[in-house]
Amino acid sequence: MSEPRKILVTSALPYANGSIHLGHMLEYIQTDMWVRFQKMRGNQAVYVCADDAHGSAIMLRAEREGITSEQLIDAVRAEHMGDFADFLVDFDNYHSTHSEENRELSSAIYLKLRDAGHIDTRPVTQYFDPEKQMFLADRFIKGTCPKCGTADQYGDNCEACGATYAPTELKDPKSAISGATPVLKESLHYFFKLPDFEAMLKQWTRSGALQESVANKLAEWLDSGLQQWDISRDAPYFGFEIPDAPGKYFYVWLDAPIGYMASFKNLCARRPELDFDAFWGKDSSAELYHFIGKDIVNFHALFWPAMLEGAGYRKPTALNVHGYLTVNGQKMSKSRGTFVKARTYLDHLDPEYLRYYYASKLGRGVEDLDLNLEDFVQKVNSDLVGKVVNIASRCAGFIHKGNAGVLVGADPAPELLAAFREAAPGIAEAYEARDFNRAMREIMALADRANAWIAEQAPWALAKQEGQQDKVQAVCGLGINLFRQLVIFLKPVLPKLAAAAEAFLNVAPLTWADHRTLLANHQLNPFQPLMTRIEPAKVEAMIEASKEDLAAAASQPAGNGELVKEPIAAEIDFDAFAAVDLRIALIEKCEFVEGADKLLRLSLDIGDAKRNVFSGIKSAYPDPSALEGRLTLYVANLAPRKMKFGVSEGMVLAAGPGGEEIYLLSPDSGAKPGQRVK
């Protein structure tokens, strides 16, 4: 028998400045299912995580709420832990990056990098808010685009024309925190010499540690040459002070991944069988996996392994990268009620419904996953209630009525039982490869076979016939054993259902190896309903409650620590407005722009003509194809603008503060391409 594997697993650290939503839960459920499978197989799998608790955003929110940053992150951590626990995510440890373990490790790693010559310093000139007495990151500066003249744009890019620029190029800059006019000020910054590790990273990213598509994307960065990474921020800042630099703090992305190590170290202090160096030492034979979203690949696949290498630690065995969550084929939307917080979901629906649905759609690739709410209801009701639970509910009553609840050990269908046993290695292989959707398909195919066989045997009809009681017990006994097999296969996904089934079956917690055995002459406990069907009305209630969450947030005082209230622009007369030719446009094609961080290329049909537009909305629409076929509003008479990537022939209209919160405007149903907006 082979030795159990030593496996350390992490999920990305959620930021301690907001609630967990269903997009976040995709990753934690995916990771939890994989870890539970490993533990069922007898491996020493350890799952750690923590709140990412540093940065200006946290400091500013705490200030706005009149509490300390520590009080804020403690409250948010408690909220996060409650959400994860109720979604049955079973961390071995859930810590915080604002911990002594993380302070010690961050300082030690920095000093090792410094002593090895991997740290550089140089002066940096940037905007400074004279009222708040703090340097301003790009997102904390707003002003007029130096390229197209659009007001109220961020400090690094224009969402109107897609131009990128330095914050110092912005016209009429204002602090988005205080509204004050910022001044330029010089400060000494600390840099990690990432180019020192270019050769190592080129090898490591092609070593099998990454999905091929991720490795290909990183190759673009590596081939264009790596730049030094700014790892310092000036006071005031909520974080850890750099050991040899008073008033300078580690940038949040330096100490955040070290939080994985810190959480594990915190666990080691409570579990003597765990040795920190056995998992993190340079020559560790343990496996280390990071489950992350595709938006933070660069930090985990470039900066993080370079830091570990430079400080004398091991590198990850692999990064398991997943895509984004969409709902009903579109980006999660607060106004449509599809931006659903974890707690709002839990207030209305069973967490195992979502765990199963995610499992049924999650593959090992980086593709986005769509939560189609109609399909969600149908799939859960059909698969879990109509197939799996149905087997037990069909058979249990006959065993209790006809044999006092004792399950006999007969095997009236050896070929069917053999099919279940023969399927186990393939299902295990799918779990191991994170091909959860394949595992669910194979499990449900077995459930279909079991239900078809039971229907063919018709124990309900046999029970009415003289002399058929032994056959009824044999059929139903095998039915319960097949149900037990399915529960074993589904336990990583449905731990609560599995626990209820174990209570009914009157057995100890099931392991993966238990699929090789059968219950025989075994006393069952009375059967209780294991799962109920999803009522569509409850899904609708969840959507409405999510809209109420938005309304409640909108009723709060304006401002989130990053933005000041946006004033109404200067008054114009009707002729000035009428000069803008707004048209309905059909998005025929939408695609990424090679080499552009923020742009999408939209091919538009405006009725009697085609137009090509570049729009800075990539951060909000990570899957461009989701926009294809949509109608939007288009400025048709804006002068064409020559850009680095081609000519942009007009502009599409969107609302929102930027980043992920950009909302492309759409007309009401019935509008046609080319119609003028009046």
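These residue numbers are counts, starting from 1, taken along the chain as shown.
Including glycine, each Cβ sits where the backbone N, Cα and C put it.
What you see is a predicted model, and the numbers here were worked out from it, not measured in a lab.
Matching 14-24, 608-618, 663-673 against Swiss-Prot, the residues noted as motif ''HIGH' region' span 14-24. In this structure, of the binding-site residues Cys145, Cys148, Cys158, the smallest number of CB atoms within 10 A of the CB marks Cys148. Taken residue by residue, the motif ''KMSKS' region' (331-335) breaks down under DSSP into 0 helix, 1 strand, 4 coil.
Apart from the site residues Cys145, Cys148, Cys158, Cys161, the chain places the Cβ of Pro146, Lys147, Gly149, Thr150, Gln153, Glu159, Ala160, Gly162, Ala163 no farther than 8 Å from the centroid of the site's Cβ atoms, the recorded Zn(2+) location. Straight-line distance linking the Cα atoms of Cys148 (Zn(2+) binding site) and Lys334 (ATP binding site), rounded to a whole number, equals 30 Å. Same-chain residues at least 6 positions away in sequence with a Cβ under 8 Å from that of Cys161 (Zn(2+) binding site) are, in sequence order, Cys145, Lys147, Cys148, Thr150, Phe614, Gly616, Arg641, Met643, Ser648, Met651. In this structure, the CA atom of Cys158 (Zn(2+) binding site) is 24 Å away from the CA atom of Lys334 (ATP binding site).
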